Amino acid sequence: MALGIILGALVPSTSVVLEKVQFVGVSLPIAIALIVMMWPILCRVSPGSLIPLFRQRQLWQHLAFSVVVNWIVSPLLMLGLAWAFLPDKEDLREGLIVVGVARCIAMVLVWTDIAGGDLDYCAILVAFNSILQMVLFSPVSILFLRVFRTQPLGDVEAASVSYSTVAKSVAVFLGIPLAAAILTRSFFFAIRRQKFFQERFLPAIAPLSLISLLFTTIIIFAAQGKQVVHSITDVLRVIPPLIIYFFTTFAAVVFLLR
């Protein structure tokens with residue numbers, strides 16, 4: 001993060017270069033890194049092991065819990081924090097509100113992999129939340145921005161993300177690596193090289209996830225490095241509610257699911 005900000009601040013043309021070529025509204029280097037980051041992890045998800053999970057009552061309980069936390073508790077918590085910390089900054093406040101509504105889906109697989117969690121279980125949760133993201137993100141964000149605001153509505157609809165934009169992003173950044181992973185597994189299983197796939201191929205491509213994650217982080221902050229330095233006051237005002245939001249939700253979920 002620090003490296004990206006320094007790069008963007010010292011080389012102002014960085015953001016211009018990164019934004020020259022875009023793919024579905026995202027800088028091409030970032031788009032490629034996101035897809036590459038997901039591919040090794042999804043290669044490790046076994047489709048055959050997913051079916052038995054659906055027979056477990058605990059899975060459905062966790063899915064219901066996920067809906068409550070992701071689409072009721074978290075957005076309302078961020079709404080309260082945004083108003084508490086930024087009552088005089090409508091643009092920053094609305095940005096935080098949208099962050100509270102937007103659910104992280106694909107990256108969850110990366111963090112689960114780093115933490116040594118169950119990737120098959122996580123894949124189901126990610127797929128479920130991906131569908132909800134496409135259906136609920138636009139109406140929920142518009143609701144929050146319409147109802148809880150002090151100024152006339154203006155261009156709230158224009159500031160909100162459309163169904164097609166969300167669906168396209170999910171399809172590209174989750175669909176492409178998922179399809180690539182399925183094709184990769186199918187190829188090795190078709191030529192009867194399952195052992196090579198499990199013992200040699202997967203360990204060989206595993207570092208790509210972490211490398212791509214670090215690359216993505218650097219590029220994202222490099223693209224905004226100049227703005228971060230020039231708007232350091234706004235950045236410092238946004239940090240406290242974000243820290244409280246992530247710490248509170250993480251700690252509460254861990255405590256409730258122990």
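Here, residue 1 is simply the first one shown, and the rest follow in order.
Just so you know, glycine gets a Cβ as well, placed from its N, Cα and C.
Just so you know, TrEMBL annotations are computer predictions that nobody has curated.
Under the heading transmembrane segment, TrEMBL lists 25-42 (among others).
What TrEMBL records for 63-86 (among others) is transmembrane segment.
Here TrEMBL flags 92-111 (among others) as transmembrane segment. Tertiary neighbourhood of the transmembrane segment (92-111): same-chain residues 34, 37-38, 41-42, 70-71, 74-75, 77-79, 81-83, 86, 119, 122-123, 125-126, 129-130, 132-133, 137, 140-141, 144-145, 148-149, 159, 170, 173-174, 177, 209, 213, 234, 237-238, 241-242, 245, selected by CB-CB distance under 8 Å and a gap of 6+ residues from either end.
The transmembrane segment feature in TrEMBL is assigned to 123-145 (among others).
The feature transmembrane segment is assigned by TrEMBL to 165-189 (among others). Residues 23-26, 31, 34-39, 42-43, 45, 47, 105-106, 126, 130, 133-134, 137-138, 196-197, 201 of the same chain, all 6+ positions outside the transmembrane segment (165-189), place their C-beta atoms under 8 angstroms from a C-beta of that stretch.
Long-range Cβ contacts of the transmembrane segment (201-223) within its own chain (Cβ-Cβ under 8 Å, at least 6 residues beyond either end) map to 1, 3-5, 7-8, 14-15, 18-19, 27, 29-30, 33-34, 36-41, 43-44, 110, 113-114, 188. As annotated by TrEMBL, transmembrane segment applies to 201-223 (among others).
The annotation transmembrane segment is assigned in TrEMBL to 235-257 (among others).
Residues 18-19, 106, 109-110, 113, 119, 123, 165, 169, 172-174, 176-178, 180-181, 184, 202, 205-206, 208-209, 212-213, 215-216, 219-220, 223 of the same chain sit 6 or more residues outside the transmembrane segment (25-42) yet have a Cβ under 8 Å from a Cβ within it. Here the transmembrane segment (235-257) has Cβ contacts under 8 Å with residues 62, 65, 69, 73-74, 77-78, 81-82, 84-86, 89, 92, 95-96, 99-100, 228 of the same chain, all six or more residues outside its ends.
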